[in-house]
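Quick look at what TrEMBL lists:
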{"type": "REGION", "residues": "1-26", "note": "region 'Disordered'"}
{"type": "TRANSMEM", "residues": "41-65", "note": "transmembrane segment"}
{"type": "TRANSMEM", "residues": "85-107", "note": "transmembrane segment"}
{"type": "TRANSMEM", "residues": "128-152", "note": "transmembrane segment"}
{"type": "TRANSMEM", "residues": "164-181", "note": "transmembrane segment"}
{"type": "TRANSMEM", "residues": "201-221", "note": "transmembrane segment"}
{"type": "DOMAIN", "residues": "259-392", "note": "domain 'Oxidoreductase molybdopterin-binding'"}
Amino acid sequence: MGGGGPVVRRAAPLNGPSRLGPADPRTVAGRFTSPLHDERIAAWLGIALGISFTSAFATGLVSHFMQHPQGWMAWPSRPVNLYRVTQGVHVIGGLATVPLLLAKLWTVYPRLWQWPPIRSAAHAARRAAVFALVAGSVFQLVTGVLNIAYWYAFPFFFTTAHYWTAYIVFGALLIHIADEWDRTRRTVMTRPRDAVGRRRFLLTAAGASGLIAATTVGQTFTPLARLAVLAPRRPGVGPQRLPVNKSAAYAGVVAAARDPGWRLTVTGRVRREVALSMDDLRALPQRSARLPIACVEGWSAEADWRGVRLRDVLALAGAPADARVRVESLETWGIYRTSDVAPDHWRDPLTLLALEVNGEPLALDHGYPCRLIAPNRPGVMQTKWLYRVVVT
Ligand SMILES: Nc1nc2c(c(=O)[nH]1)N[C@H]1C(S)=C(S)[C@@H](COP(=O)(O)O)O[C@H]1N2
Ligand SMILES: [Mo]
């Protein structure tokens, strides 16, 4: 801005050329002395956070609606790895956001002490939106990290809270972007003097973010699996080279799964109910598919599955072409004991009732005697220890 240019009205009083101090005579002089409480840093981190939160919101919605399909939307069963990618972006991106958010909060926290705390109704509304944004962002990242670490320390159901908070955060984010757009634009378009310290701070935050991404992305991107030292799960580590979230013992299905009288029944809106023993299933045409399990927690692992096509078994029972199908597990409790298979998915020739994985009969922990495996579908919906297929 040249000396004779228009006077720029600043939204908040500043402590110097571009500082974010409280600029109030009553606060202790020199309390926020770091040159890093700075508009320019806040602006760049804000841009990065705006991008990462938008990406998390979009990929989070994909995951939510895949797991809770609405009548009007049909998720395709292809490409096979689509969900693996969107959920990988969600979880790895979320983890990589943690240092950026911490850096941003540290940069702007002097504003908490701005004085007077409320200057007008508009100012109050703006601060309320910022409060919702900060509180909601911290909540999303903390619960997200605890959840993928399998530490259910919170008294509420994670997915519901995470889902609804996302709308609050995203709404507050839009308000904040509208509010800060001009100032951010101006800030990043001007050339700073004396930028070394700021640049180092931003590079450190970006470096920490990149390091987290590099050491976790291997949990879903197999070529980098060896780098995934920070990931709670790694592809290839577990029985039959596949991770296990919930064991058969934990699920309480060991005896039922080993019962020689086990049958897979197909029932509901069918022309004839069928009950298939293991031998019956083995006598049907066996198909192979290389498909990933793509867990909502961001890890995924590919495997070679072998078994019968779900659509072949449904045809055997004479299920209608528009059937909605639910598979049910021997597990007697919990929300993952059943899952719905939409027409696009059960008609897909890659959707199998798997009896084998990686060349061996399924291990008990991988769903013996029979599990569902389908393309482009969250891991929680790849139900293990099946005993019933219900057509509705
Ligand atoms: N019956 C049943 N099937 C289940 C689950 C479960 O808890 N019960 N967990 C699911 C989850 S969360 C994932 S990611 C995949 C792979 O889990 P695994 O590693 O426990 O085999 O199986 C799914 N199938
Ligand atoms: Mo999962």
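Placement of Cβ uses the backbone N, Cα and C atoms for every residue, glycine included.
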Segment-segment contact (the transmembrane segment (201-221); the transmembrane segment (128-152)) at 3 or more Cβ pairs under 8 Å: no
Intrachain residues whose Cβ lies under 8 Å of the transmembrane segment (164-181), provided they are six or more past its termini: 11, 43, 46, 50, 53-54, 56-57, 60-61, 126, 129-130, 132-133, 136-137, 139-140
Long-range Cβ neighbours of the transmembrane segment (128-152) (under 8 Å; 6 or more residues past either end): 49, 53, 56, 91, 94-95, 97-98, 101, 105, 158, 161-162, 165-166, 168-169, 171-173, 175-176, 179, 232, 297-298
Intrachain neighbours beyond the transmembrane segment (85-107), with Cβ under 8 angstroms and 6 or more residues off its ends: 20, 36-38, 41-42, 45-46, 48-49, 52-53, 55-56, 59-60, 62-63, 134, 137-138, 140-141, 144-145, 148, 201-202, 204-206, 208-210, 212-213, 216-217, 220-221, 294-298, 300, 378
Number of helical, extended and coil residues in the domain 'Oxidoreductase molybdopterin-binding' (259-392), per DSSP: 24 helix, 53 strand, 57 coil
Segment-level pLDDT (mean, integer) for the domain 'Oxidoreductase molybdopterin-binding' (259-392): 97
